[in-house]
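Taken straight from TrEMBL:
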COMPBIAS  1224-1236  compositional bias 'Polar residues'
DISULFID  C941-C968  disulfide bond
DOMAIN    1-184  domain 'F5/8 type C'
DOMAIN    190-369  domain 'Laminin G'
DOMAIN    375-560  domain 'Laminin G'
DOMAIN    556-593  domain 'EGF-like'
DOMAIN    592-644  domain 'Fibrinogen C-terminal'
DOMAIN    803-968  domain 'Laminin G'
DOMAIN    969-1007  domain 'EGF-like'
DOMAIN    1026-1211  domain 'Laminin G'
REGION    1218-1239  region 'Disordered'
TRANSMEM  1250-1274  transmembrane segment
Amino acid sequence: MVLDWKKGWLVLFRSSSQLSSSHGPGFVKVNRREGAGGWSPLLSDKYQWLEVDLQRRTQITAVATQGRYGSSDWLTSYLLMFSDTGHNWRQHRQEDSLGVVDAVVKTDLLMQISCLLMRNVTALIPAAAKVSVTNLQAFPGNSNADTVVQYKLDQPVIARYLRLIPLDWNPSGRIGLRLEIYGCRYTSEVAGFDGRSNLVYRLSARTSWTARESISLKFKTLKNSGTLLHAKGQRDHSLNLALEKGKLLLHHQQDVNSGFGGKLLISLGSLLDDQQWHHVKLERLSNHLNLTVDKNTQQVHVPTELSHWHIHMLTVAAVQSHGLQTPILPNRNFHGCLENLLYNDLNLIKLAKQNSPQVTAVGKMTFSCSEPVSVAMTFTDSRSFLQLPVLTSWLSGTVSIALQFRTWNKAGLLLTFGLQQPEGSAFLYISEARLRLQISRPGNTLLELSTGSGLNDGQWHSVELKSMESHLSITVDRDEGATAHTSIPLLLTADGQLFFGGCPAQRASLDCRNPFQVFQGCMRLLKLDDQLVDLIKVQERRLGNYSLLQVDICGITDRCSPSHCKHGGRCTQSWSTFHCNCSNSGYRGATCHSSKYERSCEIYKHKGNISGHFYIDVDGSGPIKPQLVYCNMTEDQTWIVIQHNNTELTTVQASPDTNQHFANFHYQSEEKQLSAIISQSEYCEQELSYHCRRSRLFNTQDGAPFSWWVGGPAPGQIQNYWGGALPGSQQCMCGVQDNCLDSSFYCNCDADYDLWTDDSGLVTSKEILPVRSLLLGDIHRPGSEAAYRVGPLRCHGDKNFWNAAFFDKETSYLHFPTFHGELNADISFLFKTTSSSGLFLENLGIKDFIRIELSSSTEVVFSFDVGNGPLEVKVKTGLPLNDNRWHRVQAERNVKEASLRVDDFPATIQEAPSDGFIHLQLNSQLFIGGTASRQKGFLGCIRSLQLNGITLNLEERARITPGVRPGCPGHCSSYAALCQNQGRCVEKANGFSCDCSQSAHTGAFCHKEVSSSFESTTSITYIVKELYELSKNSSSLHSSIYSDITLRGEDISLSFRTSQSPALLLYVSSFYRGYWILLINKHDELEVRYKLHSSRDVEVLSSRVMNLADGRLHTVTIRRQADTVSVQIDQNAREDFNLTSDVEFNNIKSIILGRVPESEGLDAELAGLASIGFTGCLSGVRFDSICPLKAALLHRDSRVTVTSPLVPSSCASSSQADSYAAETTHSSSDQPQSVDPGQPLVNAIRSDSALIGGVIAVVIFIIVCAAAIVARFLCIRKETYRNQEVRATQPEDSREFPFSSQADSLSIQSENQKEFFI
């Protein structure tokens, strides 16, 4: 032991060993050359150490190392341990300096700066700079014997003892060290409590309530339970902060007579009974309570009972026992030490020293910290073991062994030893978290006992094994759990050995065998025949033997406190790792960080889904929970529909006792979910309707309104306008449109007529949505009647999903603020490019970084470094990614693993080191598409870039950045396949839509069948060309143009279900007495009959597929190209035919489904078949680009004639009906009802003008119908002029009317074009 005096500070040095007297610890000072120029131990191994005793608790701010002078001896890495007593060491980790809550008072920080010495330092490593070493707990050493390398601690460590343990050294030399420690004096107020003492602080009279109160302290204890604080306030409410099983629990408790028991508010911390100092702060800030334990803080809302509560009396280290309250932890006072106990700015321990009348010390409270010595050992490795000799007194069969252990593992060997029986052994082990004792020979178990449960909870558990004569017992936690009487004596051999934790790796004999798992955890208080084993002697190799064992330290770590499992995932752990159970959380991944659901209905639609209920997670991995919504995809826009508790039309009856009617609307989504959906959507609306009879809304523009509603983010704001008007206008929609019933008012209802009318419209201002409540004020007068409806909230458009930027230069890039993803980082985006490589994004730190790039046309690389060295995660797709189509990239990095997924290819996952660095520390800007230093960036589009649930606004930044353009066209290259059944993809600024005009189907993706049931009298006639069109055009154009219109091929498809045979499915006629017929013959087989000209013979093509009239759905596709015809029915093989007579089908006249009204030109068989019609169901009927059934059901006009009612139905029994959309996306105004003066009807206004308008409409309708009948008659008469030239005109049609595109192919042709295919 060497003394070193420096400025009056006595420092003592001690070491595990020394090579010689000149290599002792006395020569360890930096830059000194005395002796051998530094310290070197006798052996160079990892069991050596150098210890420094600073003689008092000190703020240690930095450590500097240097190799031994003039030698090849230096350390390359080492461990640091700290202690207040020289025992119970605490290992310091580089990661401990990150995010530490500073528990030192402000003046201490100034002292740290002033007393930190920096002289003679040639290399400085700040704590913020991570140095890659093989062990997270290791600190960087030297690269030569002369340079001084200093490691500055980001937060000072307060300790008296420091121990340095060499880990690695120069392989060409041995351990050699010179050392300097930097720090300054540390002063504090300390109090010791023995479990029967406490301290009471009574506050002086308070004149007013304050919004802030705080209590802070440090504590250390070996007991896992005990009350730290009991704060009592007015009305007998109190807060109780207690240690229970090593966790701090904050309870709220009230007078027991009130029937209000203790309520747990916060549980925080773990393993706090480790005899180390822990910082605690309890703070009340207005309506919140914050509890901080070491680095971690939890916040909770103040209970209503404590909203204006403040402390009257504070009891420290004891359970409240002053009458009215029942203690949370009865008879468990705190046993340990407290330091710097502060109430607001008052140091209560200092006041107690000064005998302040406000502070009373009860019992034997001391102003020092007396710590019991408890030496523990840690089994860290699968090769760890402790070997001790058997006591000679045990040879008679009387054995007593006791120990305490703590672990997270469910299994592990505690102890094994050999017996005198041939090859007999005893095993004391943990299995399934129970303690078991087994006595066995190889292949034969002689005895097995078990006791206890849940022994892997990280708490200390005591174990006793006793054997005497015929009695053998094992006991857990002093409660005898299993006892057995047996004739098998527990006889040990004289030279036997006890093995704790495991067996030596080199020992292959039966002296030690372990058929179970090794033990990983801590042990202490080993007793053999009630004699405590001196583990310090073991450490010094003076007793027994050991390997890979940490002595005088318990290195257990609670990996679930704080939990790295996000979004409510449940954390479980073993000694070396933890696991997150994400069941029922809505999230996935190693830490339940990434959402399982998409962020909007828009995304579900673009993955090919149809209308239905979906979970959406508007902020991805953010804090907002997933929610179930209805996605209506039946329209071009994709609507999110959020219901509330009353979307129906609600009648309000007049009552003389009630002047007002108030309604609240509660939505299925939570407040944060609603706000996020509204903010993210491009457009939102909500129907607001009021039906009235002598019930006014606003009365006059300047007067106080009778009614109002509340909307907007909670709690909302009062609104005095109605749906369809402008916010703040105190008007209704009719006032904006200037068409109210009474022009002197701005609402129909304000006219106060004695008849039913309404004011209805949509609220579309997102800032004041949703509608939260409604007040109706004019309902009390006699004769007043009213009804209201507040529809569901409907929103469409996802601003985030289509937010894109186009990088058209290799040197262009966007930059954003630093990405903060210290513990969890998830990044997702879509890209499309024609380049084979490029940088997607990059963010750098001092050493850490994160980067995603396209490394080749088939590979994406996600790379990062958090201090453990660069790590790359790669996905090779095998298919080109530079195909100018959208591809999705999802990357995630957390404390457990890193993963990368591209499109639907298998994800690549790499596990993180179990004890590596976990904080990602970045400080530069986040670069997208390139960086300022890289010559080649990304060329192409990046879209929907989201980092930890936050979407970066690429378009906004691109507008002000050269070389980058906002938005990105060309979505159909990726999404065209979603348009089914001949639907055509149409580009939009934000996305695409499917044009179903040439499809026999409808819906967002042309996926929804258009089908109808047919009876024998049902007939649909679609007129392709009228004869009067031909005569009109023949006068202006040469007749050769009309005769040249010729079809040399057709593409026909339909589905049917029928039990009728024979049956006519489809009939196509021409002006030249030609026809094309599809039918089922009397043998239940399909026939196609061609008569392409009146002078030609009929050609019959018969399919070999049978039993088509079996009442099941069948799909038929027929394609003709010149004389080649192919027919395919369902999944049967395609059948090919050839025509022999003609290949031209000239001047199509009509397409008929069902019964054929006129059978002129048909033979007797076909005429009879045409007259009986078709009974069954037809679906998806398409003749080239003409869809007659769709036109009849959805877009009927003068070209379509339907006889008998046509009812839509589903031919496929398994098809999905969008009933929800029909019920909830249309208001009650959409349902036709008779006008009843006594009932509210939307848009049914009983006024004279409305009646007159109705009469006029009826008259006009009758005239139009008469004209249509006359025109139809004339057209039929003109069919005799078959040889007249034909030219069709293009109809003026709606966007989705199927004939618009068909007209292009069947009507106007160029003079040079003689024939074409459809």
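Placed from the backbone N, Cα and C atoms, the Cβ positions cover glycine too.
Nobody curates TrEMBL annotations by hand; they come from automatic prediction.
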Go through 375-560, 592-644, 969-1007 and flag the stretch with the largest number of C-beta pairs under 8 Å relative to the domain 'Laminin G' (1026-1211). 969-1007
Enumerate same-chain residues with a sequence separation of six or more from C968 (disulfide bond) and a Cβ-Cβ distance below 8 A; give 'none' if the list is empty. A804, A805, F806, K832, C941, R943
Long-range Cβ neighbours of the domain 'EGF-like' (969-1007) (under 8 Å; 6 or more residues past either end): 602, 605-606, 608, 610, 633-636, 638, 682, 797, 802, 832, 884-886, 941, 1053-1054, 1180-1182, 1185, 1187, 1189-1190, 1194, 1295-1298, 1300-1302
Cβ-Cβ under 8 Å with the domain 'EGF-like' (556-593): same-chain residues at least 6 beyond its ends: 247, 268-271, 296, 378, 406-410, 458, 520-522, 615, 617, 621, 625-626, 823-824, 826, 892, 894-897, 899, 914-915
Can you tell me how many other Cβ atoms are located within 10 Å of the Cβ belonging to C941 (disulfide bond)? 24
Per DSSP, the domain 'Fibrinogen C-terminal' (592-644) contains 5 helix, 18 strand, 30 coil
Summarise the domain 'EGF-like' (969-1007) by DSSP state, stating how many residues are helix, strand and coil. 7 helix, 11 strand, 21 coil
